[in-house]
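Below is one structure, written out as structure tokens, with a few remarks after it.
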Amino acid sequence: MPANFTEGSFDSNGTGQMLDSSPVACTETVTFTEVVEGKEWGSFYYSFKTEQLITLWVLFVFTIVGNSVVLFSTWRRKRKSRMTFFVTQLAITDSFTGLVNILTDIIWRFTGDFMAPDLVCRVVRYLQVVLLYASTYVLVSLSIDRYHAIVYPMKFLQGEKQAKVLIVIAWSLSFLFSIPTLIIFGKRTLSNGEVQCWALWPDDSYWTPYMTIVAFLVYFIPLTIISVMYGIVIRTIWIKSKTYETVISNCSDGKLCSSYNRGLISKAKIKAIKYSIVIILAFICCWSPYFLFDILDNFNLLPDTQERFYASVIIQNLPALNSAINPLIYCVFSSSISFPCGERRSQDSIMTFRERTERHEMQILSKPEFI
């Protein structure tokens, strides 16, 4: 996922007094020479350059290689489920994040200044923000789809186009909400002599409301929707599991049990829900520190110290980590469960109805296309 950069405002002497952040470029935190208690440190682009480049290269390799493996895995499957579709969309978004956000940030670290024309500056910033929104909205779409799969399973089976509609809406909103970036950002020579792709505000007071709106559109509103969706899903699963245990314990008619079992939530769906929740938790862990830091910083609630600058370097890199972690989560959940072939037939003859049902669900679960 894309991360951000931070813009400093200056006093009459050109000394940076404020560090404002904006989630518009992957793992970017820009600050300028700041003086605190007689100590001076320089621009973010020239500070910790080696360490930042090593971190960015590692993130880039893991993001591109990991998501390429995921895309190849989903492409070669004969049976494409709706969950596979969403996994593919998430991998595509993360891959573009690596190419558009992390790679351009690596180039930027090498050059220090922004060397490309103003048009390139605006286009790059626009694409970075599009991916920022898309990464979040794809997760919202996934949560809505899982909600329908568990709470309204019959409508879910009849609505195959819903997944594609959700993704189209997610990307459309991402492109729409990112349009202001084309106007706000441009190539600019800063007071310290650096040439950067920067926000062209009439006044620094515009920065706080802009970042507040972005924070709500990118993080807080989507996170609220996701939390509500999965809260209902977990509650539904818990209720159905309790009902299932009660019915099965009192069930003696095989046909009746079989009929009832068809209305239950399969372990394949349960595993898909677990995968989705872990993906969401990774998103929260990677993005929460950034947005909390960003809000506190924009409302001047953080002290102007060197420690804050060091903290920003670490925190602003966390969102990019999300795109590298997602493929690892997929690999963990897509591991297959094998059964000894020679023992299957003999075991089938002595299995109870419940054991056969559970084993059938495990066989479904072991197939990657059902994840």
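A Cβ is built for glycine as well, from the same backbone N, Cα and C atoms used for every other residue.
Listed features, source Swiss-Prot:
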type: DISULFID; residues: C121-C197; note: disulfide bond
type: CARBOHYD; residues: N4; note: N-linked glycosylation site
type: CARBOHYD; residues: N13; note: N-linked glycosylation site
type: TOPO_DOM; residues: 1-52; note: topological domain 'Extracellular'
type: TOPO_DOM; residues: 74-82; note: topological domain 'Cytoplasmic'
type: TOPO_DOM; residues: 104-123; note: topological domain 'Extracellular'
type: TOPO_DOM; residues: 145-164; note: topological domain 'Cytoplasmic'
type: TOPO_DOM; residues: 186-212; note: topological domain 'Extracellular'
type: TOPO_DOM; residues: 234-275; note: topological domain 'Cytoplasmic'
type: TOPO_DOM; residues: 297-312; note: topological domain 'Extracellular'
type: TOPO_DOM; residues: 334-371; note: topological domain 'Cytoplasmic'
type: TRANSMEM; residues: 53-73; note: transmembrane segment
type: TRANSMEM; residues: 83-103; note: transmembrane segment
type: TRANSMEM; residues: 124-144; note: transmembrane segment
type: TRANSMEM; residues: 165-185; note: transmembrane segment
type: TRANSMEM; residues: 213-233; note: transmembrane segment
type: TRANSMEM; residues: 276-296; note: transmembrane segment
type: TRANSMEM; residues: 313-333; note: transmembrane segment
C-beta crowding around C197 (disulfide bond), within 10 angstroms: 25
Helix, strand or coil by DSSP: which one applies to C121 (disulfide bond)? helix
Thinking of Cβ pairs under 8 Å, which stretch from 124-144, 165-185, 276-296, 313-333 has the most of them with the transmembrane segment (213-233)? 124-144
Recorded stretch, among 53-73, 165-185, 276-296, maximising Cβ pairs under 8 Å relative to the transmembrane segment (313-333): 53-73
Helix, strand and coil residues within the topological domain 'Cytoplasmic' (74-82) as assigned by DSSP: 3 helix, 0 strand, 6 coil
Secondary structure content, the topological domain 'Extracellular' (297-312) (per DSSP, counts of residues): 9 helix, 0 strand, 7 coil
